[in-house]
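Residues annotated as NAD(+) binding site in Swiss-Prot: Y138, Q199, N222. Residues or ranges marked as substrate binding site by Swiss-Prot on the basis of sequence analysis: S245, Q267, H270, H336, D369, E423, H428. The annotation Zn(2+) binding site is assigned in Swiss-Prot to Q267, H270, D369, H428. Per Swiss-Prot, active site, proton acceptor is recorded for E335, H336, and the stated evidence type is sequence analysis.
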Amino acid sequence: MSLTLRKLDSADAGFAAQLRQVLAFEASEDEAIDRAAAQILADVKVRGDAAVLETTLRFDRVEADSVAALELSPVVLQAALDGLEPTRRAALEAAAARVRAYHEKQKIECGTHSWEYAEADGTVLGQKVTPLDRVGIYVPGGKAAYPSSVLMNAIPARVAGVKEIIMVVPTPGGVRNELVLAAACIAGVDRVFTIGGAQAVGALAYGTETVPAVDKIVGPGNAYVAAAKRRVFGTVGIDMIAGPSEILVICDGTTDPDWVAMDLFSQAEHDELAQSILLCPDAGFIAQVEASIRRQLDDMPRKEVIAASLSGRGALIQVRDMDEACEIANDIAPEHLEISAENPRQWAERIRHAGAIFLGKYTSESLGDYCAGPNHVLPTSRTARFSSPLGVYDFIKRSSLIEVSEAGAQMLGEIASELAYGEGLQAHARSAEYRLQRTTTE
């Protein structure tokens, strides 16, 4: 099997350009895919259920008399949960409990409650926090079925207080993933439709005779789903358009190289475009990691995917020191950042941009993917510079509260009218002045 590992040195004159080449990734904007998604969305918007049925038959080879027949009842979800092998069910329930506990803590700590304060003249200002009414969760089907994603998308919505959670999941050839359905049961999903693709996004965004329109759509999907989510944004909210998975490992050379190699594999096995990078000041340790990669690769069931990912977008980078490693990490702004060092918190203080930070050699990224508790839906493609993990805050909205007292209207009215006249908006000014007149005449 062909495996070419790119090895860079930050001391080289051309390092900056080499790093940019490693990081270069433009999300595929295939015009044919975008046109196809647009056509499907337009069809669903006009014809509703009929369009959903036709596209589901065409793409998933599932024939149904009605969209209602594609909805799974709570009994079916419970049966999927009850049918799990006991240790698998226990693991799923334990993961769900940890994800729920973390997001309940997040709800308390992250400004998800209403607040207000009163000024001296009696004017009250504040903010009203309200959960979204209805959220749609897209869950990939077939080989890319991830029950952990059901937990990570549905549980924060439920903790936030979303009234209704609608899940869509394709079942190619009519084959259901029982673990995904069991996860939906545990996470508290209200309704599940076995539809997917752009047609499912359209059904959630616009609503059909059977599928209710939602306020926000979250969850990963293929290129057609991504194109559809881009197009319906504005009609509904979306979480993000995620790129390929990424891991960046900063290591001081004190971790077992086999552990580091497997951590790099953990993202490389997702797909050929996934990115795995190691930053380390110890050239000898980097050589040990490379040897471990080559030794362990043949034992991996997805070795072809891993090899393609590491050859195409991976890198082993020698840095001058750990300080420089942190600087480079901030520039990369990775989805997952492992700091595998003896004193990880010392270096974590220097990190400004990362979707999730995994501290210490015992904290493998895979623990965060499944059961640590924090959300595994993370910003990719350097968007961690301005974006955050999916959380409870993504399922709430904020309304400003303004209750002006009679005395407050006198003071604020003078300010507002002066500024409004300056902008040439006489009605704005007059509206404020009416309150002044009423206050002075009454």
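Think of each number as a place in line: the chain as shown, counted from 1.
Placement of Cβ uses the backbone N, Cα and C atoms for every residue, glycine included.
Cα to Cα, H270 (substrate binding site) and Y138 (NAD(+) binding site) are separated by 18 Å. Counting every protein chain shown, the number of other Cβ atoms lying within 10 Å of the Cβ of H270 (substrate binding site) is 19.
By a simple count of nearby Cβ atoms, those within 10 Å, the most crowded of the recorded positions E335, D369, E423 is E335. It is N222, among the binding-site residues Q199, N222, S245, Q267, whose Cβ has the fewest other Cβ atoms within 10 Å in the structure shown.
Apart from the site residues Y138, Q199, N222, the chain places the Cβ of P140, V168, P170, G196, G197, A198, A200, V201, G221, Y224, V225, A228 no farther than 8 Å from the centroid of the site's Cβ atoms, the recorded NAD(+) location. Within 10 Å of the Cβ of H336 (substrate binding site) there are 26 other Cβ atoms, across all protein chains. Within 10 Å of the C-beta of Y138 (NAD(+) binding site) we count 28 further C-beta atoms, all protein chains included.
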